[in-house]
Amino acid sequence: MTTLTEAAEAEHADPAVPRFYRVVSRREDTYDTVTMELAAQADPLPLFAPGQFSMLTAFGIGEVPISLSGLGSSGGDGGGPAALRLQHTVRAVGAVTRSLCAVRPGQLIGVRGPFGTGWDLASAIGHDLLIIAGGIGLAPLRPVLLAALEDRSRYGRLVLLVGARSPADLLYPDELEAWRERGVEVAVTVDRPGEGWQGNVGVVTSLLEPAAPGANQTTAFICGPEIMMRYAAQALIALEVPTQRIQVSLERTMRCGAGWCGHCQLGPLLLCRDGPVVTYDRASELMRIREL
Amino acid sequence: MQQGSNPGVVTVCAPEPVVIGVDALPALFSALRAWGYTVVGPTVRDGAIVLSELESAAELPYGWGVETEAGQYRVRRRSDTAAFGHSAGPQSWKNFLHPPRARMWSADRTADAVTVSGAGEQPRYALLGVRPCDVRAIGVLDRVLSHGQHADAVYSGRRDGAFVIAVECTEPGATCFCASMGCGPDAQSGYDLALTELVDGDDHRFVARSGTEAGARLLAQLPQRPADDATVHKAQAAVKRAATEMGRAMPEVDLPRLMTESRESPHWDDVASRCLTCGNCTMVCPTCFCTATEDVTDLTGDHAERWSVWDSCFSLDFTGMHGGEVRVSGQSRYRQWISHKLGTWHEQFGSSGCVGCGRCIVWCPVGIDITQEAAALAALRPPSVLDAAGGETADAEAVGIKED
Ligand SMILES: Cc1cc2nc3c(=O)[nH]c(=O)nc-3n(C[C@H](O)[C@H](O)[C@H](O)COP(=O)(O)OP(=O)(O)OC[C@H]3O[C@@H](n4cnc5c(N)ncnc54)[C@H](O)[C@@H]3O)c2cc1C
Ligand code: SF4
Ligand code: SF4
């Protein structure tokens, strides 16, 4: 006979079974994007690394991969230590993400993970760190920027280039300001300026020239639409940044996160296992081939 | 797949083969059932030899064989009473170990909590009549679903509980090519018990050898006699001959390299002009493992379940993301399938994804033949593939998905 606890542990050991986390806070970032903080009910999942992702379940609706956008900001109050709390930033684009964005504090969300590879921040030690984000792509980059700021002295310049479709789509505007104050060189551009926009207009690669990363000593992390990542990587290569020092976070359909469903293949890569963060020396040829 | 199917059981080295008569099969069924197994094996149903849960040895397809060709399958009467005198049918053992629909978990929600229960206990199957190519296919699935970083509870539960009885191949079909894949016709490992069927008129018997301790214990329960050299040689010769009688062969080239170098081959247009993207090949393939998930609720909305269901890389929404599908064209979907089977599988899971069973050739409605497509790609490789590949393109279209 297995005891109830043993049975519960066995189930928790099953990576296909979500653990239900409570929504402890919810913030509307933009008209379609919400950041939520989740606290474990019982035993929390192992510590997530920046760049890794969760599979989030909206009860009875479905499950989607969502990157870690931060570790907990607060602890105590029965929800476990802050580092084991998860922040996720979700953009409502379909049935599941809409349902996740509609959650209220106090409600429960299923979580599985951590899955996939993280940003290799250790490889950037002693280098300038250049972070390039497009749209929701800023969410997976936020925790790695925060980690670099925690350990500021180990890196050279910290440069963050952000592209958004319009000013209304810009994620974390208050935090961008706070990061600027902490010494991050932040530059923002939009595709479509609205009324009163004073800043840059154009693709995010247009910010590279002014930011002028010094060649041989830059490590770059890029996340955004695939075409933007390719252009950004090619621009960096033109600036003589070696391809293995460029890391990109790739997106494909994922049903399981655990290497069983076969959906996230990109050539030899299973992106839930060998990605989502991949160095560009591996990714570039695979990203070049149409419909791979 | 190097291990026996019962964990913790030590593989018996070089067991002495014995001979069991066909009249020992009922005893085999009784012993397996007494051990709590549900026996699954071949039987004739609806004009095909299918795999099914069997109550008794009488349901085996004695005297039935099959004729296969690309896009064709027919059962036929044999001139003898062989029970395993047929090549692969429309199902494979994955139907039982990795079922088309499986509940991954169910959950109940109350005002303040959600309780979840996992996949739960899985059936224990004795798989009877597993061809050596299919034994290898089970080993391939093991590496994908059990031996990676995470283990799939449904598959692993069923696999750990399974008892595998291989039957070596003495009469390959016209669509078989396991010999050229190094996956048959002899059974080398991965079974609890291996049989070789010999039929000489009324003398219908099996040379039997165990592969695990559990297999040895089962064998000990059956009426038997020691195998004389003549019978053992006869069985070995029949299996050896089978290797030379395969209807097809995979071209002898570096297949992973061929697949990588053929990514931009003009041949994909040719296959796509024939392929219906119906996905039959993925359904019948004993190693194709891809699944989708379905979340369902009852009417209250407070009971939810997640089901895993077979999916196919030939379906359009397989790569559906917000913003569009990645593989829209038939070209890209056939390329994904064959490149995965013969190429990228090696990097992902350390072996070929194809064992040469021939099912995909038989059950393709238009008779597309993986060995011929590989040969066509190989023939095209030098130097036309290089020409067709062109230079580095960085155009927006190359990404193949819509950006927003
Ligand atoms: C590693 C990774 C990290 C990610 N991180 C984030 C993140 O931090 N934040 C974020 O907002 N997003 C993130 N995403 C993207 C996010 O997972 C998708 O936006 C999400 O899966 C969309 O799901 P949906 O159900 O809301 O939308 P939909 O696009 O409606 O549905 C998603 C899936 O349902 C299927 N589907 C939809 N419509 C149909 C149809 N008509 N017929 C058949 N099938 C259909 C498609 O196969 C599609 O893949 C990430 C993705 C990956 C791979
Ligand atoms: S690809 Fe075809 S021949 Fe190879 S294992 Fe699958 S079904 Fe059999
Ligand atoms: S190869 Fe044949 S079986 Fe496979 S999808 Fe195409 S038409 Fe269907």
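We count from 1, first residue shown onward.
Glycine is treated like the rest: Cβ placed from N, Cα and C.
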Binding-site annotation, TrEMBL, [2Fe-2S] cluster: partner of A:Cys256, A:Cys261, A:Cys264 in A:Cys223, A:Cys272:
A:Cys272
Across the domain 'FAD-binding FR-type' (A:16-121), what are the DSSP residue counts per state (helix, strand, coil)?
11 helix, 49 strand, 46 coil
Once A:Cys256, A:Cys261, A:Cys264, A:Cys272 are set aside, which residues in the chain still have Cβ within 8 Å of the Cβ centroid of the [2Fe-2S] cluster site?
A:Thr253, A:Met254, A:Arg255, A:Gly257, A:Ala258, A:Gly259, A:Trp260, A:Gly262, A:His263, A:Leu270, A:Leu271, A:Arg273
Sub-8 Å Cβ contact with chain B: please pick out which of the binding-site residues A:Cys256, A:Cys261, A:Cys264, A:Cys272 have it.
A:Cys256, A:Cys261
Structural state of A:Cys264 ([2Fe-2S] cluster binding site), classified by DSSP into three states:
coil
